[in-house]
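Accompanying notes for the structure given below.
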Amino acid sequence: IITDWNPGAEQVLGWTQDEMVGQSAERFFTPEDVANDRIEHEMQLALSVGRASDERWHLRKDGQLFWASGEMMPLYDEKHTHLGFVKILRDRTPEHLAGRATEEAQERHRLAAKATNDAIWDWDFAANLVLWNDALEEAYGYPLATLDNSGDWWMGQIHPDDRTRVYNSIHAVIDGNGTAWTDEYRFRRLDGAYADVLDRGHVIRDIDGQAVRMIGAMLDMSQMRKAETALRQSEERSRAMLETIEAAFAIIQVKFDADDSPVDYRFIEANPAFERQAGVDLRGKWVTEFAPDLERFWFEAYGNVAKTGEPANFENYAKAFERWFEVKAVRVGEPADRQIAVIFSDVTARRDAEERLRTSEAVARENIDRVQLALAAGAIIGTWHWDLPTDRFTVDEAFAKAFGLDPALGREGLSLEQVIATVHPEDKQGLIHAINAVITSGRVYAHQYRVRRTDGIYYWIEA
């Protein structure tokens with residue numbers, strides 16, 4: 001039971017003297033401490049050793065908890081008769097919370113140090129002592145148990161070609177007014193190989209601005225650098241291949257309108273073969289800028305690949321370029337990018353050749369039909385075959401007689417000069433010109449001229 005309550009107690013706990021005198025001290029102990037007989041424990045300890053000191057949570061009048069440093073001592077009269085106890089409480093809430101915050105921060109730091117792959121270091125400048133986390137051993141092979149924790153050891157592991165630069169850069173921050181430091185250098189592993197590292201540190205200064213500590217993290221960049229090098233080499237090989245192949249290659253971005261219909265496309269990248277086949281540098285340009293009348297087919301074909309991701313393989317004519325193109329298209333990048341890769345070849349020459357062949361075959365079929373009809377009607381006086389590479393004419397007997405030639409020579413083979421020897425002098429140059437023209441163009445040959453027969457008379461014929 002409380003018998004006295006001074007103003008200090010009222011200030012700390014909130015109750016007045018009238019409210020507390022005669023009441024149990026349990027009012028300002030937490031329910032947990034009351035249930036555990038904390039008050040009785042303190043009194044017994046105070047009686048046995050002369051005082052009971054502790055720090056714990058207590059209750060104020062308004063129900064709030066506060067952290068108190070408490071001390072209980074037994075009270076005696078002049079005859080050493082035990083009268084009761086004196087309880088002294090001091091509010092230590094701010095200090096306690098600050099200490100807890102520090103402990104929590106340190107615990108977070110410890111957990112972060114364990115969770116990260118970075119080698120975390122803490123450099124005490126006064127002692128020139130550097131503390132490392134376990135990652136130093138895991139990433140670089142140095143056992144912490146036998147490690148030289150001096151700052152000199154750390155600097156000694158930096159590649160000789162980097163050491164002076166790193167020393168100067170870090171001391172520029174330490175000796176100056178800065179707090180943040182970052183540098184890249186080569187750090188020697190236990191096996192002697194060097195790792196490419198990215199190191200970052202933060203300087204801690206005292207109230208006078210003097211640097212006292214520096215905490216940082218060293219990241220091993222070796223695998224990243226290898227990956228970057230491999231990627232760069234792969235890109236260089238790909239680019240070299242694209243620049244040397246004859247097929248045209250381009251990356252195209254397709255533009256869609258509000259209804260998600262393809263309305264335009266532009267060339268983001270293109271290889272030299274693309275420019276050669278297109279005849280103009282189109283990189284960065286929208287196709288409608290230079291081909292406003294381009295067939296709708298191209299927009300639909302490329303738009304479908306960009307939207308659905310389904311590859312396309314086709315041949316089509318582009319009137320704006322006056323060329324036929326064989327095209328292979330696939331989507332690249334993210335679907336939202338609406339980009340496709342296109343490989344195409346100018347197949348105009350092949351298509352023209354195929355068309356000429358179809359025309360020639362049609363004409364040949366027509367000529368065969370005409371020959372058959374003429375033979376049936378008795379209008380053909382002879383047939384011939386000329387092998388151009390060997391300049392060898394073979395003719396039937398009727399042809400030989402019509403041209404005044406020896407039939408035996410006609411069967412064995414004659415040169416063009418021998419065949420046209422009996423052509424009228426006025427018609428010979430025109431005949432030669434007609435023959436050369438049809439050889440050059442590959443078209444149908446038809447010509448009329450006069451030939452001298454064995455009777456010495458010239459007759460008009462059509463070949």
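Even glycines carry a Cβ here, placed using N, Cα and C.
Among the features that TrEMBL reports, domain 'PAS' is placed at 1-33 (among others). Residues 39, 56-62, 65-66, 68, 84, 87, 89-91 of the same chain, all 6+ positions outside the domain 'PAS' (1-33), place their C-beta atoms under 8 angstroms from a C-beta of that stretch.
Taking H, G and I as helix, E and B as strand and the rest as coil, DSSP gives the domain 'PAC' (52-104) the counts 12 helix, 30 strand, 11 coil. Taken from TrEMBL, the feature domain 'PAC' applies to 52-104 (among others).
Annotation comment: TrEMBL describes 105-177 (among others) as domain 'PAS'.
TrEMBL lists 181-233 (among others) with the feature domain 'PAC'.
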Counts by DSSP class (helix H/G/I, strand E/B, coil) across the domain 'PAC' (181-233): 12 helix, 30 strand, 11 coil
